[in-house]
């Protein structure tokens, strides 16, 4: 073996699994054409405004407030969806009860539903004269036409992500590991917080990131329930649509680019935390 | 050190889990050194348990795994940090993995993981150490080493230990006493010598090794096979048709006129200085004979076999 001429670079290791070159090329082409090309066009369009122009759009009070609403509420909603989604996933995986399969299928409904349908349903439910909205109004909470409505819609559409990402890991939890913890004298709560939950953290973060991304990008279901009051319950994607309908293409792409940048940074941060937690919790 | 020995499905693991408090008995009580522990919850039972597949905490380092039971204690009973560290160090020495404190279980081999599982169980100084098929998932060589090592640890610490196995060699080599279980019933408890020399039932006998079963007749205290007397004496009050059981080394080749059994050699192979010969008998089960490894017997040759030892059961 030492006599054999060595390849200069060991970029590709010899392997029995074929198709590395082909699949890598395919992947890069797809990423380029389907993802990067449209994004580049978007950036090019916005660049027509120049850095100062983009900055002017970003600091416009109405835009800034819309961005705050979009990202702030998305984060809150993703957090809520992660917690409740985690509980839903736990119950659906760990316990067997009549109707479990049905409940499991219901989780996917927000995926499948056209977002406008979800929006109309939520709006009519949470409107001041709706079934839930009227009850909430009695205790002084206005759900529809406020950021609360946006929050509700985002939790609704984000929930499936939070459930589906942690479910497989919950299913994998080894019963013996829990028993080992109990035998070693740990209380049920200690077993949960120290043995059962830590390995789930990377998956929970994935679910959180997906729910967050979906929340930021959501349009259809939110505009029906949000009320869309400038400075209060107007989301950034709606502002883009408004700009477009006013033929302000560059302004629209500027907002889009800003959203893109914030989303990218946020998702990158979540990914880094995730990579750290994977190492921390022994997924080597 | 007690071995729970039995075929799969005989209830060994269930019994072990009941002792640990992971399963609950329908009847009967669990007594630890005179104290009734039947109703003591698993967390307070002070047992150490080693699972067949280790059940280590994957997201914790080796040291964190071992310290887990100590850290899980209530603050008033928890040793100080330095003391925990010292005890973890001692246990790592004991299992000969001193340099591995900061590794994760996924970076270790099966034998190493099993040792860590053992150290984790020992860390809480349990009243009883329970091992569920501790070597079942390991390859033969590692298994042998670990067995000897476990015996050493036992001799050094004097830790009361109960382990489950379906491997009779493991049980006989390792334990002070063996409990043979079959279909949820305790067949016999005794030292390895006792269960081998005086098995109380054919089940125990069959489970402890290869067995030859022969129809025999008990008469006036004698046991006859095919009308010829054997060196065995019939138990008191037993007469008429009985079953005679013998080990492969309790059969000898003999001339046709003194033999109890007849047959033809089907095959023979050598193992560890001995020769094992399969002999086909007409109208009866094939028997295995063990003889010293000298003259090889040709296939198809007619042989006679004499019974020189064994046990008689009704």
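Just so you know, glycine gets a Cβ as well, placed from its N, Cα and C.
Looking at A:47-69, A:254-276, the range tied to transmembrane segment in TrEMBL is A:254-276. The stretch in A:20-40, A:71-93, A:139-163, A:195-213, A:219-242 that contributes the largest number of Cβ pairs under 8 Å to the transmembrane segment (A:105-127) is A:139-163. Residues of the same chain lying 6 or more positions beyond the ends of the transmembrane segment (A:195-213) and with a Cβ under 8 Å from any Cβ of it are 74-75, 77-79, 81-82, 85-86, 154, 158-159, 161-166, 168-170, 173, 177-178, 181, 186, 263, 266-267, 270-271, 273-274, 277-278, 281, 283. Beyond the ends of the transmembrane segment (A:71-93), by six or more residues, the same chain brings 100, 103-104, 107, 147, 150-151, 154-155, 158-164, 166-167, 170-171, 200, 204, 207-209, 211-212, 215-216, 235, 262, 266 to within a C-beta distance below 8 angstroms of the stretch.
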